[in-house]
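> This is the structure, below, for whatever I ask next.
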Amino acid sequence: MFYPDPFDVIIIGGGHAGTEAAMAAARMGQQTLLLTHNIDTLGQMSCNPAIGGIGKGHLVKEVDALGGLMAKAIDQAGIQFRILNASKGPAVRATRAQADRVLYRQAVRTALENQPNLMIFQQAVEDLIVENDRVVGAVTQMGLKFRAKAVVLTVGTFLDGKIHIGLDNYSGGRAGDPPSIPLSRRLRELPLRVGRLKTGTPPRIDARTIDFSVLAQQHGDNPMPVFSFMGNASQHPQQVPCYITHTNEKTHDVIRSNLDRSPMYAGVIEGVGPRYCPSIEDKVMRFAERNQHQIFLEPEGLTSNEIYPNGISTSLPFDVQMQIVRSMQGMENAKIVRPGYAIEYDFFDPRDLKPTLESKFIQGLFFAGQINGTTGYEEAAAQGLLAGLNAARLSADKEGWAPARSQAYLGVLVDDLCTLGTKEPYRMFTSRAEYRLMLREDNADLRLTEIGRELGLVDDERWARFNEKLENIERERQRLKSTWVTPSAEAAAEVNAHLTAPLSREASGEDLLRRPEMTYEKLTTLTPFAPALTDEQAAEQVEIQVKYEGYIARQQDEIEKQLRNENTLLPATLDYRQVSGLSNEVIAKLNDHKPASIGQASRISGVTPAAISILLVWLKKQGMLRRSA
């Protein structure tokens, strides 16, 4: 039977991509349905209990700037907050929080259940309704059919998921959850390129069986960082330390002597694993010269005794896992409460997607998260938000939106996936962004919140706070520009006490702040430049904008030159065999990728600058040279 009410957007899957997609579509006023196999696991952290990190924290801040959920949820659930790369420049600083799994899941579910325009329904999806190469609905395992104008697939590792522990394996979406086999078969019938990837997770340890007294502690930062631009540290629950142990030669001997029982090394697993989150077997073999690896013992929550040993992801048999765990300091008597495992799953080639994450072949069908070949909660959440907002726009007959590489890490992520594809689980790093000085965590709202407001993602409260912050920044910069001190002034001695070289000429507050030894905090304790802003976010922006003004201006010039290519559009139906002068290799690659713009075409491996020049001349001759706004 058909469900009596039609929907604008259907989201299939309630993980980090699905929850952001559902919230985005509903915030934009579209009637949204979230279908999940289990309402109790909405927002579940399937692997490590943490949010953020290098590159990943940037994505979380961008999701937040666009009105998303993840940052707000972790502010309510984070039990240890730290700034990584704190001693480095602002471009690569990143926030990371250890999470209480239960509190995080509760925060996500509460937000979903109180979101207008959103209905949640518990049923696994087994089929899509496709008519004339357009998706028009979904079918659940009990045969119930739902109609919609757009469907977003956010199914994580569930598509034909296979769990491996040693040489034994069984079907599963993750430990304790069934796989989605009928939906996997249905998607394989569609004109989509499919592959297999693999990821893994470590065994979980009973904290009561660990001797923490012999281990080094790692505490969070004080003052505590905050993830959401709307958040504050008072929202954080109780904070707790993590602990550090190490593998050793005994650990490595156990692993090396049991490699024949590893499904990866025995050839049982076909899928490629994540390069930047390797299993302990991989680490021992790839870095044979190292006699130890650092392992972080991370609490899974305030009310749980489970410990997540970050760094020993493994699919070795359970008896070997026990030996590995007990070979490490402080863990000699440790007990495992959940075994580690590897999971293989289907993913679909993201080169078959538009930058909006809509399929090039099935109209109205969007893909987000691990199904696109990424790894990580943050990468999934960012894609989910983008797919959800574009599904909402499509259902409202509006043009799609995707950020440029110069606008957001989300733009880098989507461009990398849709242009280059991936042969291994893709993880975000700051090094992937060529304009990272512009794409900092601290200015994600300045880059994206105004766009989010135009798209209908940003509510009145966030918009008011954003405008207040802008006014505070502008007012403070004007104050510092117009406040001067001269070498002969009474205040000069007070100022000189904080400078490596005394004043030799008149200087404004901004001139002083540009000096490497001066900080905004220090400057605003000096009589001529007091008091400091009480708005800490605005104060941070003032300091960064002043200190890095020259570098930022230079990077902005580079971006403007590059935008000319980014905005030169290529027709989706263009057959590149028509373009005389292109090599057969270039023709094949362009016809295979179908790039959306000259900028995207230029990043395809093998497409040379000469080929781009030929293409531009041909487009001009044909009267097809057009640029987007």
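Using the three backbone atoms N, Cα and C, a Cβ is placed for every residue, glycine included.
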> According to Swiss-Prot, Gly13, Gly14, Gly15, His16, Ala17, Gly18, Val125, Ser180 bind FAD; which one of Gln323, Gln329, Gln363, Gln370 is annotated to that same site?
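Only hit among Gln323, Gln329, Gln363, Gln370 in Swiss-Prot's FAD site, alongside Gly13, Gly14, Gly15, His16, Ala17, Gly18, Val125, Ser180: Gln370.
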> Would you find the one among the binding-site residues Ala17, Val125, Cys277 whose Cβ has the most company, meaning other Cβ atoms within 10 Å?
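Result for the most crowded candidate: Ala17.
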> Going by Cα-Cα distance, pick out whichever of the binding-site residues Gly273, Arg275, Cys277 is nearest to Gln370 (FAD binding site).
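Nearest in space to Gln370 (FAD binding site), counting only the binding-site residues, is Gly273.
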> Quick check on the binding-site residues Gly13, Gly15, Gly273: which one has the highest count of other Cβ atoms within 10 Å of its Cβ?
Gly13
> If you compare CA-to-CA distances from Ala17 (FAD binding site) to each of the binding-site residues Arg275, Glu281, Lys283, Met285, which comes out shortest?
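Checked the binding-site residues Arg275, Glu281, Lys283, Met285; minimum Cα distance to Ala17 (FAD binding site) goes to Arg275.
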> Quiz question: given the binding-site residues Arg275, Lys283, which has the greatest number of C-beta atoms lying within 10 angstroms of its own C-beta?
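The residue with the most neighbouring Cβ atoms within 10 Å is Lys283.
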> Here's one to test understanding: among the binding-site residues Gly13, Gly15, Val125, whose C-alpha is closest in space to the C-alpha of Phe287 (NAD(+) binding site)?
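Out of the listed candidates, the nearest Cα belongs to Gly15.
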> Tell me the coarse DSSP state (helix, strand, coil) of Gly15 (FAD binding site).
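For Gly15 (FAD binding site) - judged by DSSP and reduced to three states - the answer is coil.
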> Rounded to the nearest angstrom, how far is the Cα of Val125 (FAD binding site) from the Cα of Lys283 (NAD(+) binding site)?
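So the Cα of Val125 (FAD binding site) lies 38 Å away from that of Lys283 (NAD(+) binding site).
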